[in-house]
Amino acid sequence: MTAQARPAPLLPESSSLSLIDTHCHLDFPDYQADYAAMLARARGSGVVEIITVGIDLPTSRTAVALAQAAAESESILKIHATVGVHPHHVNELVEDDYLRLRELASAPRVVAYGEIGLDYAKEYSPAPLQRHHFAAQVRLARELGLPLIIHDREAHEDTLAILKEAGPLPAGGVMHCFSGDAALAEEVLAMGFYISIAGVVTFKTAATLREAVSRVPLDRLLLETDGPFLAPVPCRGKRNEPAFLTFIAAKIAELKGCSLAEVTAATTANARRLFRLT
Ligand SMILES: [Zn+2]
């Protein structure tokens, strides 16, 4: 929970990039002590926009407020917000909250609905309740015309089943912090979703994920830190922050056999397309 200012190691060529961190939790207490410095480091390492993601009603509110504050203060980078209730937190949801979520999701600078989905690894909320609220929030997002940010941990089959049952989702969506193999990636792509890659791709143990990433076309990939969690190598074990996004981009460039500039151009264009960023 402590957050000390620490210099972010930069890749030499990174400051001229235009990266978008499509998934970070800027409202977490981990960033409170050095928020402005953390954003400055992000900008210095080539990150130009950040999507800050809500996980319950209060954090969705804060996400919207942070995005608004950045817009009003001519912040050094753009911040967008999302609204949604994470599977860990759906046991706190009451029916009335849907009215509040709907209202909040219509606020300026909200670019997606999420993160929502299923988490059978932790099961902090009972699985049937997770499925109920995932399906209900997918319906709400569709009604609002917002793309989905989906959290799927050890629940691949049910996640895809609920998305398929929902029928056409014209605004699309992304599998955030993708953790599956090449076969799952193929299925997700066939459904029209993007695949977002977090720092896990740099971990020694992630050979299966790296194999999947090497097969996903560049025009379907997004980048994210998922900060403050999952800091990539060489920062593994530290608090994660948007400045570390370059290490994920560099790993993808290596896997794809292309340049960091190419990965940046493609993933930034993808993020702008999916989230309709202007
Ligand atoms: Zn997240």
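In case you wondered, yes, glycine gets a Cβ from its N, Cα and C as well.
Marked as divalent metal cation 1 binding site by TrEMBL: H23, H25, E115, D226. Annotation source TrEMBL lists divalent metal cation 2 binding site at H151, H176.
Everything TrEMBL records as a feature, shown here on the structure.
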{"residue": "H23", "record": "divalent metal cation 1 binding site", "contacts (Cβ under 8 Å, 6+ apart)": "I51, V53, E115, I149, H176, C177, S196, A198, E224, T225, D226"}
{"residue": "H25", "record": "divalent metal cation 1 binding site", "contacts (Cβ under 8 Å, 6+ apart)": "T52, V53, I55, T59, D226, G227, P228, F229"}
{"residue": "H151", "record": "divalent metal cation 2 binding site", "contacts (Cβ under 8 Å, 6+ apart)": "H86, P87, G114, E115, I116, G117, L118, D119, H176, C177"}
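Ranking the binding-site residues E115, D226 by other CB atoms within 10 A of the CB puts D226 at the bottom. The DSSP secondary structure for H151 (divalent metal cation 2 binding site) is strand. In the three-state DSSP assignment, the secondary structure recorded for D226 (divalent metal cation 1 binding site) is coil.
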